[in-house]
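As structure tokens, the structure follows; a few thoughts come after it.
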Amino acid sequence: MKQMTSAQIRQMFLDFFADKGHTIEPSSSLVPKDDPTLLWINSGVATMKKYFDGEKIPKNPRLVSAQKSIRTNDIENVGHTARHQTFFEMLGNFSVGDYFKPQAVAWAWELLTSPKWFDFDPQKLYVTVYPKDQAAYDCWLEQGVSPEHIYKVEDNFWDIGVGPCGPDSEIFYDRGQENNDVAENDPENYPGGENARYLEIWNIVFSELNHLPDGQYVDQPHKNIDTGMGLERMVSVIQNAPTNFETDLFLPIIHATEQVSANKKYGVNPEDDIAFKIIADHVRAVSFAIGDGALPSNEGRGYVLRRLIRRAVLNGHKLGIKGSFLRDLVPVVGQIMQSYYPEIVDQQEFIQTTIENEETRFAATLNDGLSLLKETIAKTKATGSQQISGEAAFKLFDTYGFPYELTEESAQEQGLSVDRTGFDNQMEQQKQRARNARGNKQSMGNQDQVLMSLKTPSIFVGYDQNVVEQAQLNAIIVRDQEVSQVTEGQAQLIFDQTPFYAEMGGQVADIGEIRDQAGNAVAEVVDVQHAPNGQNLHLVNVKAPLVKNERYQLAIDETFRMKVRRNHTATHLLDQALRNVLGGQTRQAGSLVEPDYLRFDFTSSQRLTEAQLQQIEQIVNEKIWQEIPVETIETDLESAKKLGAISLFDDKYGEQVRVVKVADFSMEFCGGTHVKNTSEIGIFKIVSETAIGSGVRRVTAVTSQEAYRVDQEQLSYLKQMQQDLKTPQLKALPSKVAQLTAQLKTTQQQLQSLQVKLAQQEAGDLLTNVQQLGSLKAIIALVPDTGMNELRQIADNWKQNQPSDILVLGTKNQDKANLLVSANSVAIDHNLAAGDLIKQIAPQIDGGGGGRAQMAQAGGKNPSGLDAALQLAKDLITKA
Ligand code: ATP
Ligand code: MG
């Protein structure tokens, strides 16, 4: 088999399908975009849903990708099986209503077996098909696969409920019976069975049916191909590794972990190896997840991260690792993945800090938690119970940060279980108590059924109005149920009209207040989202009773909204300025408009230069100074497109669209709220520019007060410097710094020449130190660290007035040593020629040398032998 690196294997897959007319899609973020049903992107197809369900038609129906994926359901497998990670890359080719079974199978076989590509031995490959899928069976036969290598397996049907589904065909690599964990004749020992011999490397899904809500399956108008090949598994096969971990994707991380462990080595003890593998897997997962914008927290994605980090830390303890160490593995991950995923190296510092903070937090509570855990286990056992209570598990979670699963694992090691229901109840109560955060979107997912049935219309009037005096309250939802009134806690409300903006197009939702007709505040609006039928759904903290069908005054927080407006219009100006500077090929890849800052993501293969950033900032500010009126136009889609308005790549638009126009500079499809005139933005300032994914970069910027604040802060540093350097004026700082630098340079030069003089003087002193050895006068000296040139200079001085018959010098120069001998005719007559003497003493410094009778020199690798060399010279001279 060919020798290939993981990077080459990934590239070969992409190249093969690009060769067959596929467009290479860059890996999407691990955090799903606009898909509340998914916690993490867990396969290539997860990013292609919009194409597969027909919501959107791709430009090219043939696509190929290497997609970052996270599967938390495999967490327990990591380290225990050869083939599972939580984070892995899925290589996949996709056909959206284009080629189907015969072509997909033919290409899969060609890629795997052709000598031009992966060049696998066909004898090592097995495939499985769905028993009723004779077509797929025939396709494999057609490729020359022998019938003994095709298995019919009932499981091979891909169906995740309502929606596209179909039979699939899996490809297995035979790792040989010697790598198996079951006997040759075990009933599970076949491709697709529970065994370690036949490794599933690739799955090809023939998405041809539609699973209807009533349970029927009907033909799909567009048949699609969706495939998934695990990169790590391919690499393990090609690099002939026993598991995914002994490959170039993981070994550098494992070796770096060995460095910090207490003398633990990988491959010695199976228990330790599991810990090494878990750490290597988890640090990859958290580095990528944080790089894609997820952060450790107590729920959802953040909880998964927290759990992964804590699990890695606890496994570090098993290897005797003390202190934070995960953060130091991030650069190793960055190095390995850099060629295809520069985002880890680009954001290394941020990822490291985030991980270290989490490690520190955990360390602080870990010891207390561990003793409480021990105590709890002991108490539970003492009472004769088999189960740790939900309250105890919750206390460990809430106070000491122990993820539930960790408590459960520790309990299981002691033969106990944990009361999950009790734990969940405690958790729910906690959530009720602490539900104060904005943007609690998760509650929406659960409430679809009730919300979907709500058809009562609601009009958004917030483009022109900050307050609606008489809005009728048409629906109240409390904990997934529609109710007619609410007196406390949280609720979701729909009114016939509202000034509150619902989060959309990157612009955050409004916050504000709901008042009764007497003007008393009855609820605080903390978030607004679109309900399934489009109404603005207000998430509120109830302060006083609210009753359905009553009328209320709705008032947004005007300061908040004013800031948002400025940042939103500034985002449009930034978008256009970027296009002007980078050229038309750049496109927007997402944006966020908050009151305090704005964030804009765009495609670009290179980081922006300082000059480009300045130019962009300048353009935006010029548009602000030009005091341009901002217009909005509502029109139909076609006319808007004809006007040349910029539309976003994956947004959907209805028949009527809204276009926001800043003179002839910027024109974009946008439903957001904007200033009336660009001058309202005040100033615009870019604060950072970073990479967030392959080919995607992010600019964050501030406007108005916030920009002023940032400027003030930077100015304060300069002023501090001005004070420290005692310059009368700020503008004199650069020349002051230049002056200081020049001064420093002169001082350094003077210092150097003084050092030379000093050395010369010391050498002079040295020549007065004459000793009488037998009948000869000798000078023997160890000169402080210097080099052969200096020794020669001293010898020249010696020669001029010959204060002795013989001169022996030694010196150390970093890890090298030098010796020099000079002799006059008297010494030579005593059989002490310089060349002879040096040959005798040089071995002491592990060196050799030679020269003439008058002068000889030697170099060696052992400075610690200098004293012995000089002593030996002394003895030899005395004897002579
Ligand atoms: P398995 O049964 O081995 O867990 P799967 O049936 O869950 O695999 P698919 O959902 O078909 O796998 O995913 C397609 C491919 O992705 C697999 O063939 C495999 O190469 C890879 N893959 C799936 N899960 C993982 C994982 N946890 N770690 C590494 N690779 C994986
Ligand atoms: Mg699986």
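Just so you know, glycine gets a Cβ as well, placed from its N, Cα and C.
Here TrEMBL flags 4-713 as domain 'Alanyl-transfer RNA synthetases family profile'.
The region 'Disordered' annotation in TrEMBL covers 425-447.
Here TrEMBL flags His568, His572, Cys670, His674 as Zn(2+) binding site. All protein chains included, His674 (Zn(2+) binding site) registers 25 other Cβ atoms within 10 Å of its own Cβ.
Confidence annotation: the coiled coil (737-764) carries a mean pLDDT of 88 in the model. Under the heading coiled coil, TrEMBL lists 737-764.
Listed in sequence order, the residues Gln507, Thr569, Thr571, Val593, Val630, Val660, Glu668, Gly672, Thr673 complete the 8 Å Cβ shell around the Zn(2+) site centroid, once His568, His572, Cys670, His674 themselves are left out. With a 10 A radius on its CB, His572 (Zn(2+) binding site) counts 26 other CB atoms from all the protein chains. Taken residue by residue with DSSP, Cys670 (Zn(2+) binding site) is part of neither helix nor strand, so it is coil.
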